[in-house]
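Novice: First the structure, then my questions, so here it is.
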Amino acid sequence: MSKLQLRAVVADRRLDVEFSVSAGEVLAVLGPNGAGKSTALHVIAGLLRPDAGLVRLGDRVLTDTEAGVNVATHDRRVGLLLQDPLLFPHLSVAKNVAFGPQCRRGMFGSGRARTRASALRWLREVNAEQFADRKPRQLSGGQAQRVAIARALAAEPDVLLLDEPLTGLDVAAAAGIRSVLRSVVARSGCAVVLTTHDLLDVFTLADRVLVLESGTIAEIGPVADVLTAPRSRFGARIAGVNLVNGTIGPDGSLRTQSGAHWYGTPVQDLPTGHEAIAVFPPTAVAVYPEPPHGSPRNIVGLTVAEVDTRGPTVLVRGHDQPGGAPGLAACITVDAATELRVAPGSRVWFSVKAQEVALHPAPHQHASS
């Protein structure tokens, strides 16, 4: 199996990315709608030619805009799985799965028993052999997606692209597909790029996470690092942590555009004037109806934008911060929310102890190897 390398600029979609995925590795790509996730996959698959860039798979160059190279999609050894399984409605499940290998190896007209045996083997891999003689219209959404996975893997791709393949499936079907993907992808050894909005997909399937914002890479790294200490706006929102942007002042605090000071523990040396971010969980935030007194060094007043009950707790969030970062959030008990009479439009004060705040260098556009 081969390592995937991508460098692509697509001007009209504002995409400018560079990253790589090793054989046997799963890279999850997160980002808001319109960030460029699907565009990046389409460039890899050969469905979209970039304005500038390179797609390399091991020692094979699939796209090179400078050299004028653009290998056809069907010759790339790239499997693509979308939200819609896109099964051929007139073919049986077994014939759908056999289609990929037949195209790749020129097996059309070869022995019927041979092609069926190959299809059944891949259907067994995804626990769908019992559907071999059915037509796609006779399958549920989860069953059809299993067949689509088998068809993609049957062509023995070096790269598997999964574009939100679990969207639209019910909880049970999605759980089953995750289990199938986890096992068959590990055995296949191919490089995998997965786009998703679901953290469960990331936790169960991915080795690394890439966060796309406005067509560029905001951050990339191991799953645990990105989701426990995110350094991008979208990463913070999806991971459920607070993120504040600013620069380091002479006293070591983070100073925001509005003039607020945030004190915390730097994760590395942060010189004065360095762009940085403060990260802390909503559970570390205390909420008061008036400015509090005492030991906490970080106090900020805000107007409540939303209140969301989550079981025994209530998430209180302010309006988006200057610059577009998500509003600060606090996680408090139902009793505390009732006592505070917190509601959208309420004026409250958030208080956070300095030891609960981590100060990180601000993220910048970068690539991965």
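Note: Cβ is positioned from N, Cα and C throughout, glycine not excepted.
For reference, Swiss-Prot lists these features for the protein:
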- Gly31, Pro32, Asn33, Gly34, Ala35, Gly36, Lys37, Ser38: ATP binding site (BINDING)
- 4-239: domain 'ABC transporter' (DOMAIN)
- 293-361: domain 'Mop' (DOMAIN)
Novice: For the recorded ATP site formed by Gly31, Pro32, Asn33, Gly34, Ala35, Gly36, Lys37, Ser38, name the remaining residues of the chain with Cβ within 8 Å of the site's Cβ center, in chain order.
Specialist: Thr39, Leu212
Novice: Please report the DSSP secondary structure of Ser38 (ATP binding site), reduced to three states.
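Specialist: DSSP call for Ser38 (ATP binding site): helix.
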Novice: Let me know how many other Cβ atoms fall within 10 Å of the Cβ of Ser38 (ATP binding site).
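Specialist: Counting Cβ neighbours of Ser38 (ATP binding site) within 10 Å gives 19.
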Novice: What are the non-local neighbours of Ala35 (ATP binding site), defined as same-chain residues 6+ apart in sequence with CB under 8 A from its CB?
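Specialist: Once residues fewer than 6 apart are set aside, Ala35 (ATP binding site) is near Leu212, Glu213, Ser214, Gly215, Phe234.
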Novice: Please compare the binding-site residues Gly31, Pro32, Gly34 by how many other CB atoms fall within 10 Å of each one's CB, and tell me which has the fewest.
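Specialist: Sparsest of the binding-site residues Gly31, Pro32, Gly34 by Cβ contacts within 10 Å: Gly34.
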Novice: Judged by the number of other CB atoms within 10 angstroms, which among Asn33, Gly36, Lys37 is the least packed of the binding-site residues?
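Specialist: Among the binding-site residues Asn33, Gly36, Lys37, the lowest count of other Cβ atoms within 10 Å belongs to Asn33.
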Novice: May I ask you to report the DSSP-based helix, strand or coil state of Pro32 (ATP binding site)?
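Specialist: Reduced to three states, the DSSP call for Pro32 (ATP binding site) is coil.
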Novice: Please list the DSSP helix, strand and coil residue counts for the domain 'Mop' (293-361).
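Specialist: Breakdown, helix to coil: 10 helix, 34 strand, 25 coil.
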